[in-house]
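Novice: Per Swiss-Prot, the features are:
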- G14, A15, G16, H17, A18, G19: FAD binding site (BINDING)
- 273-287: NAD(+) binding site (BINDING)
Amino acid sequence: MRYNAGSYDIVVIGAGHAGCEAGLAAARMGCKTLVCTLTLDSVAMMPCNPNIGGTAKGHLVREIDALGGEMGVNIDHTFIQSKMLNTSKGPAVHSLRAQADKKKYQERMKKVLETQENLHLRQLEVVSVEVEDGKVKGVLTKNGAFFECKAVIMTSGTYLQSRIIIGDVSYSQGPNGLSNANELSKSLIDLGIDLRRFKTGTPARINKRSVDFSKMIEQPGDEEIIPFSFISGNIDRDQVSCWLTYTNEETHKVIQENIHRSPMYNGSIKGVGPRYCPSIEDKVMRFQDKDRHQIFIEPEGDDTEEMYVGGMSSSLPEDVQVQMIKTVPGLENAEIMRTAYAIEYDCIDPTQLKASLEFKNIDGFFSAGQINGSSGYEEAGAQGIVAGINAALKVQGKDPMILTRSDGYVGVLIDDLITKGTNEPYRMMTSRAEYRLLLRQDNADFRLTEIGHNVGLVTEERWSKFQERKQNLERELERLKELQITNKTENNEKIVELGSTELKKPIRMYELIKRPELDYFSLACLDPERPDLPKDIGDQINIIARYEGYIQTQLEQVAQFKKFEKKVLPEDLDYNDVNSLRIEAIQKLNKIRPLNIGQASRISGVSPADISVLLIFLEHYRKTGKNTDN
């Protein structure tokens, strides 16, 4: 029986990585918030890989943190290994990755939600979102409870009508043996929301006691632990190792002989899988020129024997999985604890969303995370914090926070989803960001903390630490640009000792740092009055000095980009009325409804000629007395 169960400012459906960030952001901004989850035991669960960060994903975690989110703080408290990736490459692609203790990560995040002021965490299944006159009114649960609210954030992950597939066996279930949600999809369809089916998967978990690590290559963590959060401070912790091994011809033979039993190849799986995280059977069949593939054996926590078999995601039958795993060096006697599986689930077409992550046709209804067609904990958390902030701003009667492609990877992620859409689970990569030298993980706070503070999410403690860090960097850069190093013998002897060439004339310290064989730290011997600053300040100075020319070029590109972003397109424009647009462009523009010329130019099917037509139209529109510039 239906009953009125109370009212909230914001209701969040789901408590995965998107839901946690969304709920915390809304509550911390002063909104009375209800976070619903199918089970309290799955809050912030990691159903797949036991780590946070990685290439491009580490950038997202830093950006979540810079805005005032929780993911970075939480992993800093619960990681069991820390590693900086891509250090042999340029600073734009350096990415932090941390191996998580999955249970501790969950437990701490759940505690944060439980103790957060303005936030109520409840075990409930939402079966419908109720809308009246195009505006959210509330949500209804399976038990008949109706919660009135001003905004809803859907963060339902991979649970909507999800189906587990292992070989020729399939059944209705959520990830990791949990129940799924089968009724909410119908409510979304009734609201006119387009759904599609995607697929993802996870590898087996094996018992650590059954692994022969002597046949593998140890992968230890870094000696220097770099935190994810800008407010974590120094961390000193014992770390555990991961291990590297490889598949071989025997592994590939087992897969090839049983490929007809793979649901990916016999048509049992209808959903589209992730291109950049293929199953082991997909890798073997697609890349037959490769005689081996990397397999990483990763611990899932301090208090468990479960080991994650990274790189061996599969939906092959269980008996084939057993054969396959035992062909890998070090896994000859491996005991499977959890079978690998594929999971199909409903998700939305993200082009139905605005840049604020609010549905275009439903006032107050937001969506974030894997339900939007993305993959990964970090992508989900990034969308979650944006949706949470914007739902809170909506309730407060304020304009939304829109992050652009020049603001951060979060902006790139959202712009790609809402502008281009996606036909497969979307994964963030550094190559997707045009301005990646400006969007480094080390400067996420310089880019986003002020924005987080302006919307009311960044705490005064975090703001104070940021201000101090910003002042330290600016003052030190100014000092280095003024500090002159003379070409006296004593200085030249030290410079030669450092592997560089003598000075012919005096030079500013800032210019000296640009020499590839020198850096800020090695030149301390020529700088006796240098202030005692944190190491990360020196790291940033090295990047800013050495890449100054490239950074300036990208800043000029951003200025050009912003010119097009400022040319706003009318919200109610019917593109059928714009003369000379091609039919395909009219269809795409009417569907996506871009905010501005910049976004319009990134829509697949809209040509440069179409953009020229729109610019002419806007000029005429402006001359008739309607302003289209921000």
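Every residue gets a Cβ built from N, Cα and C, even glycine.
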Novice: May I ask for the distance between C277 (NAD(+) binding site) and A18 (FAD binding site), taken between their Cα atoms and rounded to an integer number of Å?
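Specialist: So the alpha carbons of C277 (NAD(+) binding site) and A18 (FAD binding site) sit roughly 20 Å from each other.
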Novice: Just give me the nearest neighbour of S279 (NAD(+) binding site) among the binding-site residues G14, A15, H17, G19, Cα to Cα.
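Specialist: It is H17, whose Cα lies nearest.
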Novice: Including all protein chains shown, what's the count of other C-beta atoms within 10 A of the C-beta of C277 (NAD(+) binding site)?
Specialist: 18
Novice: Could you measure between G273 (NAD(+) binding site) and G16 (FAD binding site) for me? Cα positions, answer in whole angstrom.
Specialist: 20
Novice: Which of the binding-site residues R275, E281, K283, M285, F287 has its Cα closest in space to the Cα of A15 (FAD binding site)?
Specialist: R275
Novice: If you count Cβ atoms within 10 Å of the Cβ of G19 (FAD binding site), leaving out that atom itself, what do you get?
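Specialist: Its Cβ has 31 other Cβ atoms within 10 Å.
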Novice: Would you identify which of the binding-site residues G14, G16 has the most other C-beta atoms lying within 10 angstroms of its C-beta?
Specialist: G14
Novice: Look at the binding-site residues A15, A18, M285 and tell me which residue has the greatest number of other C-beta atoms within 10 angstroms of its C-beta.
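Specialist: The residue with the most neighbouring Cβ atoms within 10 Å is A18.
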Novice: Would you kindly give the Cα-Cα distance separating A18 (FAD binding site) and K283 (NAD(+) binding site), rounded to the nearest Å?
Specialist: 30
Novice: Please identify, from the binding-site residues H17, R275, K283, the residue with the sparsest Cβ neighbourhood, meaning fewest other Cβ atoms within 10 angstroms.
Specialist: R275
Novice: Can you check what DSSP calls M285 (NAD(+) binding site), collapsed to helix, strand or coil?
Specialist: helix
Novice: Identify all same-chain residues not among G14, A15, G16, H17, A18, G19 whose C-beta atom falls within 8 angstroms of the centroid of the FAD site's C-beta atoms; report them in sequence order.
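Specialist: Nearby residues not in the site list: V12, C20, E21, A22, T37, A44, T155, G157, G369, A380, G384.
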